[in-house]
């Protein structure tokens, strides 16, 4: 029982790291634009299908597949940004959300036309040995997830603190009107942030697909939902919170799956979301309520 | 020299500026007075390129700049110190200042020198250089907003109500800073509620009422009390 708990927690942390990356993508876009891009998951799906197609047609290795996923996700995100965000006024958050929903449907329909089957194979990391830590087993693809997520977050933190683009991004997240008077090119920074988020999401999607070995067009819906839930649990607009939210979601899901079964896992996930909203409206990374209110006022 | 001619700006259907014309002369302090809702902040935001003028012209040293967007306006050297300071609360003082230098992409050495100069000018910002700007007092935030604007090497500084919400002693300090900048030859366009103080420092002033410039002149040549009464108490024709 205790060993199960430990094993589930290890597995959950790995999957949770990938959730954290999805949430990070959402958070970057939300933080900079104050708008939700619910076509985020479907953009990743396009990338994943591009990678799967490349693998099936040309039986290429993991590196080209990875690059195809990344390129597919980023190019699709650029399309979403132009149509649903750049073309719509910044204060019309709902219009952008509805528009990105429409794009989502469009992308899903397009994939369903081109790939009419239900599931498709995705290449996996073959030939890597299982890692044993005492009685606990760590799947090698999970180790890859954990290491990649940690490295990405570290790189992102560094970039935000030390690069010019990172500083511009932070000014926009912190106080958009002040960013404007300081001469920040808001449209350009928003666009690049969108692409950055898609790249992070693409990496997460690649890792998840490679761990599962198969994909369906529903992976877009799945990625949007997991990313959104992890972001809300962690607290809207906080990068650290997004990551913590992802890890918590992963660990809780893995244990619920083991002890309660698949239906129990779904119920536990939504119960967790509900609890997070009621008990910690500012999220686990918790800005104080006064801070959140001041922020809300600022945005009005 | 910035020549503003017949600028019209609206919010939707509501006209806020109904043909504003005024000159901001080089190397002096031009002050804009007027009651709340007269359109003072609207004018600042229109010059800054954040609001778009519906009609009219703005010429910087003869070059038309109406219609340029905010980053381009900053690039031309017209830099705003916004109302309520609008510092970046969750960024350090140093990062706030560096954010002011965004318009100077390729001038790393110059930015480093100017950062040092701003920290020299405002020793209290140096003390708090690694603190989040949100933890500063109102007066310190105002210094930071001025410092951030200076980081862009401005030709013209647009200052919107720098004394709002500050204690009188701090207001005094802020005006000393403004006076010092003017004495260094910087061109300043100041919008200010604190008319007595502003008129003491101004080389030229304009009065904005209901979206029109209704009066202008040199502070020494008018009775300040009478002018202020007209500007803020709405007496249409004082004596």
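Using the three backbone atoms N, Cα and C, a Cβ is placed for every residue, glycine included.
The transmembrane segment annotation in TrEMBL covers A:12-31 (among others).
As annotated by TrEMBL, transmembrane segment applies to A:38-56 (among others). Away from its own ends, the transmembrane segment (A:38-56) comes close to residues 22, 25-26, 29, 64-66, 68-74, 76-77, 80, 84, 97, 100-101, 103-104, 107-108, 111, 114-115, 120-123, 197-198, 201-202, 204-206, 209, 215, 217, 219-225, 227-228 of its chain (Cβ-Cβ under 8 Å, at least six residues beyond either end).
Marked as transmembrane segment by TrEMBL: A:62-80 (among others).
Feature annotation from TrEMBL assigns transmembrane segment to A:142-160 (among others).
Per TrEMBL, transmembrane segment is recorded for A:189-211 (among others). Counting residues 6+ beyond its ends, the transmembrane segment (A:189-211) has Cβ neighbours under 8 Å at 15, 18-19, 21-22, 24-26, 28-29, 32-33, 37, 40-41, 43-45, 47-48, 51-52, 62, 65-66, 69-70, 72-74, 76-78, 80-81, 85-86, 122-125, 139, 141-142, 144-145, 148-149, 152, 156, 165, 168-169, 172, 179, 219, 223, 227 in the same chain.
The transmembrane segment feature in TrEMBL is assigned to A:223-249 (among others).
According to TrEMBL, the feature transmembrane segment maps to A:269-286 (among others).
When each of A:12-31, A:62-80, A:223-249 is checked for Cβ pairs under 8 Å to the transmembrane segment (A:142-160), A:12-31 comes out on top. Away from its own ends, the transmembrane segment (A:62-80) comes close to residues 37, 39-40, 42-44, 46-55, 100, 103, 107, 123, 125, 191, 194-195, 197-199, 201-203, 205-206, 209-210 of its chain (Cβ-Cβ under 8 Å, at least six residues beyond either end).
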